[in-house]
């Protein structure tokens, strides 16, 4: 197909994470280990929360959804990356590239908003405990869940629509191991300055504001907890600390990638690898090690299935 004597791009060639075969083998082994841990870890969290009547609080309801998002997120990049390690030419069609990009930001955006909802849940539970049962009713929790899924969809569809309007006439080499906004936009055969600004506003500024807002909210919560003398003080501090760790792990790489002009840096691939492959593992590991209720319920669930 010809448009202005230039071939319209129907596929992209992924350069990959590295050209070194030794490093590729090492990354493949590490990625496979992480992936083997990610799925069972998150599935175990979901099964534990659903099967234990003692884990019905909104905190665990949202934690179960966080595990579901992490498990789903791990399907977007990692499986194809593992297969591509054995491919001489890593080719992805234009439609598959856009689809990958959509789900990456749909689930990633939803997860970021879920962390905001979890921060709100902790604020009400710790700073406004008398209003907790009213504000965080089951109906309110489902409304918040619907809102974050809708928010993730809107965030992602905006980026997809902007990219679909761009002409791609060649070259078609993506300097990464998956399709993402910065690399794809740079291949468009037109001036992308305005589109880049819109993308930075949609992803970068939104991510930065959520990050700063979350840190501020947890700072307020921790100050309130520090001044109180309640019996659950240590538990509240532990829970909030866990959430803050997750926030830094998730938003740190996203801020690095999306809050600056889309120019390639040597650290981009490493940060992207951490963000798309390693990060989903952090949820089950951190929550299992730091949440005593979930850890105890998991042990009971595992023992019960072993005995049966």
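Quick reminder: no glycine exception, Cβ is built from N, Cα and C everywhere.
Between the stretches 141-164, 165-188, TrEMBL puts its transmembrane segment entry on 141-164. Within its own chain, the transmembrane segment (26-47) is flanked in space by residues 17-18, 63-64, 67-68, 70-71, 74, 78-79, 81-82, 85, 273, 277-278, 280-281, 283-285, 287-288, 294, 298, 301-302, which lie at least six positions past its ends and keep a Cβ under 8 Å from the stretch. Recorded stretches compared: 205-225, 237-258, 270-289; the one with the most Cβ pairs under 8 Å to the transmembrane segment (59-78) is 270-289.
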